[in-house]
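What follows is a set of notes on a single structure, which appears directly below.
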Amino acid sequence: MLAQPDARAAAALLALTAAFAAVVALLPWPAGRITLGAAVGAVAGASLLVDLGYPGPYRLPAFWLPFEWLALLGLLFRAVRGLSDRRVGPVGGLLGLAAVLLPLRFSLRTPQGGAAWSVVGVLLSLLPLLGVAGAALYLRVLDARRERAVARARREQRLEVARGLHDFVAHEITGIVLEAQAGQLPDQEPGETAALLRRLEEAGLRALDSMDEMVGALREPGGEGGRDGRSDPPDREERADGATTRRLGLADLPELVTRFGATGAGGTAGVPRATAELAPETAGRLSAEAEATAYAVVLEALTNIRRHAPQATEVTVRVAPGTDGTVELTVTDDGGPSRRPLLRRRPGAGGTGLAGLTARAAAHGGSLTAGPGTPAGWRVSCSLPGR
């Protein structure tokens with residue numbers, strides 16, 4: 001603070017204040033341990049101190065004031081857009097106060113400098129100040145929406161990968177484990193070992209294919225639509241590496257059920273009789289996404305039969321038209337002599353498959369229920385509305 005109204009010292013003070021504000025406004029923050037909030041607060045505090053203590057010639061600030069004012073507006077924009085919710089209010093308010101009171105530097109200590117013009121300057125500075133703050137606040141809202149959208153997309157991607165691991169890879173791994181356990185049973189026929197190894201190889205390759213597709217989905221997308229600019233057909237989706245994979249649906253259920261019956265449940269009861277009954281009128285009734293959900297429901301139900309009812313002798317998958325254009329899907333098993341699980345239950349494992357599929361069915365406007373069958377066994381029912 002100056003004791004005498006020395007023009008050169010006053011000019012140096014104004015120049016340093018304006019230069020300090022401009023440098024802070026142009027530098028990237030954070031810089032080392034100094035955060036944007038600390039730097040902006042220092043500039044606002046310095047500007048307010050000069051306003052209160054400037055004793056120099058009243059005409060001298062007119063040269064430096066525009067530079068400092070523009071720097072304060074730039075800092076206000078960066079602070080409102082970039083600071084955390086906890087700091088944006090105090091720091092932004094301090095900056096706004098410094099920018100509004102800057103014209104009072106003419107007359108706060110020297111009334112002869114024209115108090116009326118200083119007040120006019122304060123009023124005129126409000127409009128651009130509010131404009132800058134409003135623009136920064138608007139961009140802050142857009143940034144927050146974008147961050148939420150990215151977080152939501154990442155969460156959905158993780159859920160999609162988890163779904164793929166559970167629906168497809170876990171199904172094949174469960175089959176591999178049960179086949180390996182069945183291979184340890186005594187009195188194996190000479191040709192059964194070779195057939196068992198062949199089924200293990202096929203299940204392992206299917207699991208690898210499923211993991212390859214999930215890894216491809218995690219890669220950076222190459223663009224929208226197909227490589228020629230056209231969108232993929234409804235029953236197909238393009239992977240990130242350019243390869244096109246077909247969504248599994250109702251038409252793939254007979255192959256799935258046949259494969260399940262061929263590999264068996266791995267229990268001592270032998271290979272269960274697995275049948276698929278698909279009504280022809282259900283073809284094309286569901287959307288591609290709903291058909292993928294229906295396929296996942298059957299896959300999960302068959303996996304649970306392998307895990308929890310390895311001695312089941314009868315497994316039936318039925319797809320029939322329902323009322324009001326719906327498609328009714330049921331998977332039943334007779335439970336066999338005992339529903340004692342063949343697989344040892346791992347701590348924290350299981351319990352999420354049907355819950356996740358219930359949510360997926362509800363997302364399509366359908367429903368899924370699971371419970372004891374009649375007179376025995378287990379029954380999984382899913383109802384999906386037609387398109």
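Including glycine, each Cβ sits where the backbone N, Cα and C put it.
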Residues flagged as transmembrane segment in TrEMBL, choosing from 23-41, 61-79: 61-79
Counts by DSSP class (helix H/G/I, strand E/B, coil) across the domain 'Histidine kinase/HSP90-like ATPase' (293-385): 30 helix, 30 strand, 33 coil
Integer mean pLDDT for the domain 'Histidine kinase/HSP90-like ATPase' (293-385): 81
